[in-house]
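Novice: Sharing a structure below in structure tokens format, with a few things to ask.
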Amino acid sequence: MSRLKRIAGQDLRAGFKAGGRDCGTSVPQGLLKAARKSGQLNLSGRNLSEVPQCVWRINVDIPEEANQNLSFGATERWWEQTDLTKLIISNNKLQSLTDDLRLLPALTVLDIHDNQLTSLPSAIRELENLQKLNVSHNKLKILPEEITNLRNLKCLYLQHNELTCISEGFEQLSNLEDLDLSNNHLTTVPASFSSLSSLVRLNLSSNELKSLPAEINRMKRLKHLDCNSNLLETIPPELAGMESLELLYLRRNKLRFLPEFPSCSLLKELHVGENQIEMLEAEHLKHLNSILVLDLRDNKLKSVPDEIILLRSLERLDLSNNDISSLPYSLGNLHLKFLALEGNPLRTIRREIISKGTQEVLKYLRSKIKDDGPSQSESATETAMTLPSESRVNIHAIITLKILDYSDKQATLIPDEVFDAVKSNIVTSINFSKNQLCEIPKRMVELKEMVSDVDLSFNKLSFISLELCVLQKLTFLDLRNNFLNSLPEEMESLVRLQTINLSFNRFKMLPEVLYRIFTLETILISNNQVGSVDPQKMKMMENLTTLDLQNNDLLQIPPELGNCVNLRTLLLDGNPFRVPRAAILMKGTAAILEYLRDRIPT
């Protein structure tokens, strides 16, 4: 009955008179017919300069196929059509929309991104069921006040427009959860924004903001706040009261001081690189109990406090391009997976150690803690034993640091004496890197109940044997610079593995078994011959945050990879694909993922 009521008062001959002629070839009748069944219509990338009238009237006019069959017994019952709920008209040449938009009151999704729109019609207020509105990549200078009538709106994407201010009454969008205002010309954020109490994600990056309102702390559900690339000189202390905040991006601003976060106990990532921060103190660190990523690159830091050891959960620390001359040795006791130090005038760590990577730097710092302990004469007897090969195994490292280290010996096998030295001690890390190993040492199996980190990089491994696959507590595995072209399916049993480094090997595809290790957070597989990845399987890897595919043979990047929204670092340089263009890659992971998502066919 609702359908008959809707067309009451309309010219019932409208569908016969204009239904087909108005659309011409721009919208095939078959597409409209399918849309009446599914409630979804995708007209993206059709070079449209205006929306055909038959689209606005899809649920009003009698369809053309009614000419051929008016029988109530027909299989195709056009009068039982579904209201259009999803309309995608992105990637066209639209300069305006008409008020006929009101003829689609059932819309829940309207996607008109990547057009040439300078305004939105006031009739948009009548789309009261709208939940997602994407108007990004247009030329909007202002938003109509009527947009505040969309009380069911949950996602609003306005990035890459020419907005200079926010409409009055914007705070009435009380159900809004995801708001993207990045890449506009905003100079202020109204205090009334704080009334957006349902907001979970707010992107204000690449604007001209000089300050944030103190009232921002009322956004009690906000988890993701991106203020990169603005003109912020200070952060309101009230921001420290945002108890749900997990990700905070403040890169490329003019901050001179790092804010304190006494109530942000859930904060996992803090990005404050490319500012003018001169000092890092204990007060800045002591409340960051959950922090996993701390980005302080390109600032003016001169030192790192000993209290850095308080960040027990820290995994990635970027200190590159500062004025740091020394590091606290206690930094070596953190379980970092990534430590960037380039561009600092460090006097206490040789450049060759830094060039060997994170684990070598941490190992060096730990060794300096040891050097500050027993005297040299004591350590000669306590920390090493001589093997038949005249090499030494560091007993002190086994006992105090729980590391079995037999690296940089150019050995073709690991002597039994190395494993014998463990005795009844607990060992959590194995470092057999920089040798000539052609196979996994079989006696590693003896340590399967305790080892979490294994470094077998810079060897001559051409296959992985089952000895490695039984290390069920393994969280970190470094296999770079070997001769590997595959991984065994049995590696699926490594149910705690978080980081794997396969760079500089001979892989032609991402090993299938990796898609089934759902605990993986970091995959480094640069400098191989990888020709493809499976975005559908990768989307299932919900913990994956870092994927390095640089310098491979990728001829194309599947748009569906953009759905891997948990990725924080996606590196694609040095591949032969043409799109995304280099300019997109330079904008970083978020821009790459957005670019890919915008090109997913629907």
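Going from the start of the chain as shown, residues are counted 1 onward.
Note that Cβ sites are derived from N, Cα and C of the backbone, with glycine treated the same way.
Fair warning: this is a prediction, and the values are worked out from it, not measured in the lab.
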Novice: What residue among SER71, SER192, SER429, SER526 has an entry for phosphoserine in Swiss-Prot?
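Specialist: Record says SER71.
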Novice: What is the number of residues in the repeat 'LRR 4' (152-173) that are helix, strand and coil, as DSSP sees it?
Specialist: 3 helix, 3 strand, 16 coil
Novice: Do any residues, 6 or more residues outside the repeat 'LRR 18' (519-540), come within under 8 Å Cβ-to-Cβ of it, and if so which ones?
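Specialist: For the repeat 'LRR 18' (519-540), the nonlocal Cβ contacts are 337, 480, 495-510, 546-555, 558-561, 563-564, 571, 574.
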Novice: Going by DSSP, how much of the repeat 'LRR 15' (450-472) is helix, how much is strand and how much is coil, in residues?
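Specialist: Tallied per class, the repeat 'LRR 15' (450-472) gives 4 helix, 3 strand, 16 coil.
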Novice: Using a Cβ-Cβ cut-off of under 8 Å, list the residues of the same chain that are 6+ residues beyond the ends of the repeat 'LRR 6' (198-219) and lie near it.
Specialist: 154, 159, 174-191, 225-242, 249
Novice: Using DSSP, what is the helix/strand/coil residue split across the repeat 'LRR 17' (496-517)?
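Specialist: Result for the repeat 'LRR 17' (496-517), in helix, strand, coil order: 5 helix, 3 strand, 14 coil.
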Novice: Could you pull out which residues elsewhere in the chain have a CB under 8 Å from any CB of the repeat 'LRR 14' (426-447), counting only those six or more residues past its ends?
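Specialist: Hits for the repeat 'LRR 14' (426-447): 359, 363, 398, 401-414, 416, 419, 453-465, 467-468, 470-471, 478.
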